[in-house]
C-alpha cells in the first residue's frame with residue numbers, strides 16, 4: 001500500500017498527534033524515526049520488516065553499527081541518529097532519578113538500571129550512591145567481568161562510598177544470560193557488602209539483578 005493512500009488519521013505522525021505516542025505500534029513509531037521507505041516498501045512496511053528481521057524493536061536498538069548498517073533502508077546516518085536518541089533517553093531517566101528519591105520511584109530506578117545494564121555482553125556491577133534523603137549523588141560501574149565473591153571487593157565499595165560521602169547505596173548487576181534470578185553467589189556478595197558497609201554506617205537499600213526484560217529486587221524478596 002502507498003502510504004499516501006492511508007486515511008490521514010492512520011498516518012503515524014498524525015496518529016501520534018491526535019492520540020498520543022502510546023497509541024502507535026512499534027512499527028509506526030519506528031516509521032516516524034525512519035521518515036522514508038525504500039524502493040518497493042513504504043516506510044511502515046520497512047519498519048515492520050526491520051522489526052521482524054532483527055527480532056524485536058529492542059534488538060534493533062542494541063545492534064552494533066555493522067549489524068545495523070547492513071540492513072536495507074539503514075545506514076550510518078540513521079545509526080548515529082538512533083544512538084543519539086538512546087543516549088538522550090538514558091540521560092532523561094538519569095536526570096529524573098537524580099532529582100527525586102530513588103526509593104519513592106522504584107519503577108523509575110528499575111527502568112534506569114535496565115537501560116544501563118540490560119544489553120551489556122559482560123557482567124557489570126553498578127552502584128547508585130545516595131545521600132541521607134535517598135537522592136542520587138553519583139552512579140558508576142565499579143567492576144566488570146565474571147562477578148563472584150573474589151572479583152567484587154568490599155573494601156573498594158566502602159572506599160568509593162566514603163569518597164562520595166554516601167549514606168546509602170543501591171546495587172545492581174546484569175546477567176548476560178538474560179535470566180534475572182539471583183544466584184547463591186549474588187546473595188553471598190550482597191551479604192558481604194552489607195556487613196562491610198555497616199561498619200561505616202552506610203546501608204544497602206536494594207540490589208537489583210537485571211536480565212532480559214525482567215529484573216529482581218533483593219528488597220522485594222525480603223533479602224535486605
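For all residues, glycine too, the Cβ spot is worked out from N, Cα and C.
Swiss-Prot lists motif 'JAMM motif' for one of the ranges 145-158, 159-172, 173-186, namely 173-186. Of the binding-site residues 173, 175, 173 has the largest number of other Cβ atoms within 10 Å of its own Cβ. DSSP assigns residue 175 (Zn(2+) binding site) to coil in the three-state reduction, outside any helix or strand.
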